[in-house]
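The following features are taken from TrEMBL:
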DOMAIN    11-142  domain 'EamA'
TRANSMEM  12-30  transmembrane segment
TRANSMEM  42-60  transmembrane segment
TRANSMEM  72-92  transmembrane segment
TRANSMEM  98-119  transmembrane segment
TRANSMEM  126-146  transmembrane segment
DOMAIN    164-293  domain 'EamA'
TRANSMEM  166-184  transmembrane segment
TRANSMEM  196-214  transmembrane segment
TRANSMEM  226-243  transmembrane segment
TRANSMEM  255-274  transmembrane segment
TRANSMEM  280-298  transmembrane segment
Amino acid sequence: GTKKKAVCPGLGLFYTILSAFLFSVASLCLKKIEDVHSVEVSAFRCVFQMAFVLPGLIYYKTGFLGPKGKRIFLFFRGFLGSTAMVLLYYAYQVMPLADATVITFTSPVFTSLLAWIFLKEKYSLWDLLFTLFAITGVVLIARPPFLFGSRVTGIEGSYTNHLKGTIAAITSTLSAASTIVILRKVGKSVHYFLSIWYYAVIGLIGCVIALFVLNEWRLPHCGRDRVFLILIGLLGLGGQVFLTKALQIEKAGPVSIMKTMDVVFAFILQVLFLNHLPTWWTVGGALCVVASSSGTAIRKWRHSVKKAKQREI
């Protein structure tokens, strides 16, 4: 018989680190854009996603609508996923890069909570502890005046924008967690490309409508901003591809833990290119959130390994 091609040890983790780096550089490009609304950036990102996915849909003959019983789930996956993207881009624009990145890492914790509510998955005291850790991390980053006093330091611009960015990042995280729960509900009955297709199409339609309502649709005047827009699309697409390849050859647990490199890259890029030193409050919040998300990933990984061994027995 034919032998299986051996996978290079650690290749999946390398893909994860590369994906984290590409996503972080894309976020940096977003911070460098000066005159483009976050909704318009999201619209460009959706166009790149559609251009990438369309050949795959034709090649795999999946159709454009999906199975009848799954279309409502795909619609909500697309709506919530695109909403998460728009809100995250807004958060990147109005608050420090590292702060917004750290808040997004509460997603695994909220995913466990939503899966317990809607999918009846197990939710233990450890999961509750990790949730409290994540909330503590977000509070340290947001630094509400009623807890930290009226003189809040280490933020970009006004505290009002910082608070708006924090709310947008948290809502984005909840939307992203909801999409993961929906994808779990759908399972493997729908092709991965079709899921991305709904995400891109619904996101583009929503972004175009929002831009006309807000009267914000305009091409950037500066050539540099146009280059940044193209880079955001390409880097975001590359990050998605490498993350998908990592999950194909490596267990989800190690990938989730290694993905915390996003936070490390965000801190490094913020200091090197944005000349913004993080405060100790941000560092403390980052440690709480990373510990929470890593703990959740490790527990899920151990649980899946245990179930696999039970099946073998």
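Glycine is treated like the rest: Cβ placed from N, Cα and C.
Unlike curated records, TrEMBL annotations are generated automatically.
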Mean pLDDT for the domain 'EamA' (11-142), rounded to an integer? 86
Cβ contacts under 8 Å made by the transmembrane segment (196-214) with residues that lie 6+ beyond its boundaries: 37, 39-40, 42-43, 45-47, 49-50, 52-54, 57, 64, 66, 74-75, 77-79, 81-83, 85-86, 240
Most Cβ pairs under 8 Å with the transmembrane segment (12-30), selected from 98-119, 166-184, 280-298: 98-119
Hey, which bits of the same chain come close to the transmembrane segment (255-274), Cβ under 8 Å, at least six residues off its ends? 12-13, 16-17, 19-21, 23-25, 27-28, 31-32, 96-98, 101-102, 104-105, 108, 243, 246-247, 286, 289-290, 293-294, 296-298, 300-301
